[in-house]
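Undergrad: Before I ask anything, here is the structure I am working with.
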Amino acid sequence: MAKIIAFEEEARRGMERGLNHLADAVKVTLGPKGRNVVLEKKWGAPTITNDGVSIAKEIELEEPFEKIGAELVKEVAKKTDDVAGDGTTTATVLAQALVREGLRNVAAGANPIALKKGIDKAVEAVTAALLEQAKEVETKEEIAATAGISAGDPAIGELIAEALDKVGKEGVITVEESNALGLELELTEGMRFDKGYLSAYFVTDQERQEAVLEDAYILLVESKISSVKDLLPLLEKVIQGGKSLVIIAEDIEGEALATLVVNKLKGTFKSVAVKAPGFGDRRKAMLQDMAILTGGQVISETVGLSLENADLDALGQARKIVVTKDETTIVEGAGDPDQLAGRVAQIRAEIENSDSDYDREKLQERLAKLAGGVAVIKAGAATEVELKERKHRIEDAVRNAKAAVEEGIVAGGGVALIQAGKVAFETLELVGDESTGGNIVKVAIDAPLKQIAINAGLEGGVVAEKVRSLPAGHGLNAATGDYEDLLAAGINDPVKVTRSALQNAASIAGLFLTTEAIVADKPEKASAPAGGGDGDMGGMGF
């Protein structure tokens with residue numbers, strides 16, 4: 001395919017136009033008085049949202065250089081969202097301000113490499129000042145306030161704070177769509193996985209269609225079980241002990257499954273057979289998690305354990321196991337707390353070292369099942385469009401709340417950046433074009449507060465100057481128009497969100513400033529309509 005090439009100012013300005021198209025669409029959503037953006041979908045109803053990353057993802061520009069600029073800024077929004085769950089609009093606004101100021105200086109003759117170095121040093125200093133300002137999140141109310149601001153709804157904030165309080169910061173909070181209006185929180189104690197009983201004959205509670213086994217043994221097998229001969233010695237020992245048995249294996253089929261069902265129906269002993277969750281290595285890892293949680297062992301040929309030789313010592317135990325047709329919950333496993341802590345530490349290390357988002361998500365789920373618990377927030381709404389938008393807002397607010405617990409909070413509303421900058425630039429010493437790079441950051445960090453003020457119908461520059469003169473933590477409450485102590489008023493942002501937004505914006509701005517040439521695909525000309533006529537009815541003269 002033929003390429004088009006642009007150099008120097010033409011290349012940079014083309015990219016900047018793309019950035020501006022995207023940023024101008026996104027920044028109208030910033031702050032408590034930000035507006036919504038309607039996104040047309042090829043299929044189904046349009047989406048209405050005020051989430052920066054959702055808007056950015058939908059924007060596809062036609063002009064090649066503009067498209068490249070927009071794609072780079074999408075990366076800022078996506079990366080900030082992945083890390084902190086919020087701050088995508090702030091990151092986009094910061095990137096726009098940094099690029100605008102930077103390109104002005106490059107056009108005036110500044111050295112782009114020195115500018116980038118100055119920007120990086122200034123961002124490092126502002127980040128350090130932000131972390132110094134951070135206040136640890138200690139109360140449920142503070143978490144509720146942070147999540148409530150992210151979701152734009154205090155009720156959602158309170159529900160997320162309740163969920164985090166129950167499952168802990170390692171716990172998993174999932175968001176599901178509900179048929180009922182409103183919000184509902186469902187908590188799961190113990191480990192839950194998405195596999196149910198292999199036969200409805202195992203059900204003990206007919207009304208709820210559940211198999212509930214109290215104080216039961218748990219047999220964990222890595223392979224399939226089809227022959228009853230392998231299982232009989234162990235079954236006899238379990239029956240003598242007078243306990244019920246849960247078997248979790250790759251599969252249980254044929255005469256082995258039939259024997260368990262017949263014994264259950266005769267009342268000889270209670271049991272339930274469940275397929276192990278996951279596939280391949282992930283299944284092995286989850287079986288090992290269950291073994292540590294319940295104090296048992298995984299019966300596997302690879303470690304020299306066979307089913308026919310297994311003893312009661314190889315079985316795990318739990319106070320209660322609830323199995324439905326779709327899922328299994330193990331409550332209060334009898335595992336050794338030290339071994340459990342070791343396993344949790346191991347999974348945490350794997351999360352740190354993983355490069356794949358998918359693997360990280362799955363490891364996080366395993367960690368939650370072992371260390372915390374699972375909370376499900378069920379969200380309902382009157383229309384499908386509203387439901388999708390609400391679900392997305394709640395998911396972002398959950399990540400936002402976890403970020404607040406992780407690194408602490410700072411004053412919200414764009415105030416923390418300005419006040420951290422004031423502290424950072426007092427001691428920062430730069431020379432030449434690096435100093436100009438530092439000044440670019442100094443100007444750009446005002447942009448989020450100015451945009452929040454503009455969206456609230458106020459004069460951005462006036463508000464920024466006023467906030468600069470206020471005590472630390474005091475700023476504009478854009479919802480009311482008052483200047484007050486924002487942390488006391490519950491207007492805060494996780495420092496991780498603010499920090500990530502600034503760092504990611506600066507990273508992309510550096511790429512813009514140091515770009516000297518662009519090579520892009522030449523747009524294809526639209527082909528003429530079929531039939532070669534006048535484009536109406538194929539030239540048929542109608």
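Cβ atoms here come from the backbone N, Cα and C positions, even for glycine.
As listed in Swiss-Prot for this protein:
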- T29, L30, G31, P32, D86, G87, T88, T89, T90, G413, N477, A478, A479, D493: ATP binding site (BINDING)
Undergrad: Taking the Cβ of each of the binding-site residues and counting other Cβ atoms inside 10 Å, which one has the highest number: T29, T90, N477?
TA: T90
Undergrad: Going by DSSP, give the three-state secondary structure for N477 (ATP binding site).
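TA: Going by the DSSP assignment, N477 (ATP binding site) falls within a strand, counted as strand.
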Undergrad: Using Cβ-Cβ distances, find the residues under 8 Å from G31 (ATP binding site) that belong to the same chain and are at least 6 apart in sequence, listing them in sequence order.
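TA: Looking at Cβ-Cβ distances below 8 Å from G31 (ATP binding site), excluding near sequence neighbours, one finds G413, Q451, I452, A453, N455, A456, A478.
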Undergrad: Within 10 angstroms of the C-beta of T88 (ATP binding site), what count of other C-beta atoms is obtained when all protein chains are considered?
TA: 30
Undergrad: Other than its own, how many Cβ atoms are within 10 Å of the Cβ belonging to A479 (ATP binding site)?
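TA: A479 (ATP binding site) is surrounded by 14 other Cβ atoms within 10 Å.
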Undergrad: Give me the largest Cα to Cα distance among T29, L30, G31, P32, D86, G87, T88, T89, T90, G413, N477, A478, A479, D493, the residues the record lists as binding ATP, in Å as a whole number.
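TA: Max Cα-Cα spread across the ATP binders: 20 Å.
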Undergrad: Please give me the CB contact count at 10 A for D86 (ATP binding site), counting all chains in the structure.
TA: 32
